[in-house]
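Okay, so here's the structure we're looking at.
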Amino acid sequence: MINIETLMHLLDLLGTFVFGVSGAVAAINRRLDIFGILVLSFVTGNFGGITRDLLIGAVPPAALINAQYLLVSILAGFICFFWYAGIDRVRSPMLLFDAAGLSLFAVTGAEKAIEYGLSPVMSALLGMLTGIGGGMLRDMLITDIPQVLRSDLYAVAALVGASIVVIGHVVGLSYGVSGSVGLVSCFALRYMAIRYGWHLPVANISAQRRAEIERIDNER
Amino acid sequence: MINIETLMHLLDLLGTFVFGVSGAVAAINRRLDIFGILVLSFVTGNFGGITRDLLIGAVPPAALINAQYLLVSILAGFICFFWYAGIDRVRSPMLLFDAAGLSLFAVTGAEKAIEYGLSPVMSALLGMLTGIGGGMLRDMLITDIPQVLRSDLYAVAALVGASIVVIGHVVGLSYGVSGSVGLVSCFALRYMAIRYGWHLPVANISAQRRAEIERIDNER
Amino acid sequence: MINIETLMHLLDLLGTFVFGVSGAVAAINRRLDIFGILVLSFVTGNFGGITRDLLIGAVPPAALINAQYLLVSILAGFICFFWYAGIDRVRSPMLLFDAAGLSLFAVTGAEKAIEYGLSPVMSALLGMLTGIGGGMLRDMLITDIPQVLRSDLYAVAALVGASIVVIGHVVGLSYGVSGSVGLVSCFALRYMAIRYGWHLPVANISAQRRAEIERIDNER
């Protein structure tokens, strides 16, 4: 029988793989070479966790100690390199895998921050950061504004999942229970955001001000 | 009576707030959603200090231990979200607040680096980094070249303020004295740079070479 | 007689200088002011090593402890500022210096990671990161996609040099031998990549898919 530790670890590797695929696809779309593809694959799957580890003082970061993360990332990169057309066709299932990766990273990230003694609020935020950090650097490396800053309920889903783990810890639930509820909640929220096109609000700007901003942007 | 520690802490929070506002306004101008606004607000107000703390080995960084910084950043983000039109109208006073934030971060950043045993020169540079780091990541996240790399005496003002603290430490002045002088000097320099349009020089490029660079840029 | 430690340190400073020049030239081409030039000079010459030091837990990073790196970076920045036309003319020799800097950073970076107890594979990757990290942040600061992600055998040369050091360590060679072989191999590979235009492959994309990507990019 498989225990919860092993299961979480396998899911963690699955999350790394799926995020790796999203990084590799972004790299291919920008015509990066095979090295650039592997870098974006690794960065997207691991940078969130690396940043969390640096911030909580867990150095060297887990992604640099356990070579499995590297291997999984490289695998994702090579698969995309050789079967781009195939990967490109399965985009909808990929979105679900990505939601699974996000959920898992948010939950495990929050748990690790708690273990390192951070406050509940900060642990929830670090869980969210673990989930979204990789995709943010992926977008910055290809000079896009990070999608997570302007797309549908992505970071919020991660924050909800991480918060459930943290609240569970505060009220004394076992990690098995709070982690599972966090996972499912994050995934469900993200799924519904994709399914029904839920977005966060943007601020109101007067038409006049908006025209002014666009004029300034164009002058650059 | 309010003591100097409390005063510095209050000014520190004020600096975080004002930088948070500048991050939120940048996010709104780029049509980011409310999550993106809050992220840019937090990043602009805290990333300089977080980077300094990572570099000197003060982990977890102060901004992740004391929740007041997070609260102030979120407050700044929400205020901008709901009253953008109002915030947008008070830009000149905001520049002064921003100069105050810069001065304060430069001074407290240098002091913290000294406390952690860094050399005088590096402490001054880390003070400057504390002041300018948040704005740099703000600009990178919205894919602008950081303003501080090409605008008027911004970083130099921070460096002057931080250097005064460091020199004061070397010659044995109390932090109350050197910190105050550093604060006022940085603020005055930044104020005059805005008021009189002082700029740093750029390198001379021949007209021929400049045309060549522009041609290469356009071909991309 | 000069010993190997001193020689490596001198070469390290030379690498910092040459990378500093490449950062300063990039800054001048983008019309940054003298402060921006100095920042890019420092970042390009030191960020790779700083990132490595943060990841392996060597804080404060060496570049912040030993002021020689700062001095060399500033020197590179000022030389470019005052003699841009001259520097711009010697581009081919500069490419060779850059290859020397890359080789050296890859070798010393891998050695340092080994000393801090990282695994052979991760030490090789951290050696590569030491060599390419500075140039990556340089490009991100001026909002370019990092050249190393899509140019000729640059990172691969660094990885080969770093791997030789690591393999030498595993099989018990002295650092003097493995370091020298690593240096020469990285330099030779990089030189030949420049000389013969060797590139890494990019993924195959159908013409239809490529047109679609371009259309999406243009709509942004």
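Using N, Cα and C of the backbone, Cβ positions are placed for all residues, glycine too.
Any TrEMBL annotation is an automated prediction that lacks curation.
Some features that TrEMBL has for this protein:
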- B:6-28: transmembrane segment (TRANSMEM)
- B:10-84: domain 'Glycine transporter' (DOMAIN)
- B:35-55: transmembrane segment (TRANSMEM)
- B:67-87: transmembrane segment (TRANSMEM)
- B:96-168: domain 'Glycine transporter' (DOMAIN)
- B:120-141: transmembrane segment (TRANSMEM)
- B:153-171: transmembrane segment (TRANSMEM)
Next on the checklist: Per DSSP, what is the helix/strand/coil residue tally across the domain 'Glycine transporter' (B:10-84)?
Outcome noted: 64 helix, 1 strand, 10 coil
Checklist entry - Residues sitting near the transmembrane segment (B:67-87): Cβ under 8 Å, six or more positions beyond its termini, same chain? => result 13, 16-18, 20-21, 23-25, 28, 34, 37-38, 40-42, 45-46, 94
Next on the checklist: As a test of reading the model: what is the averaged pLDDT for the domain 'Glycine transporter' (B:10-84)?
Outcome noted: 92
Next on the checklist: Based on DSSP, tally up the residues of the domain 'Glycine transporter' (B:96-168) by helix, strand and coil.
Outcome noted: 59 helix, 0 strand, 14 coil
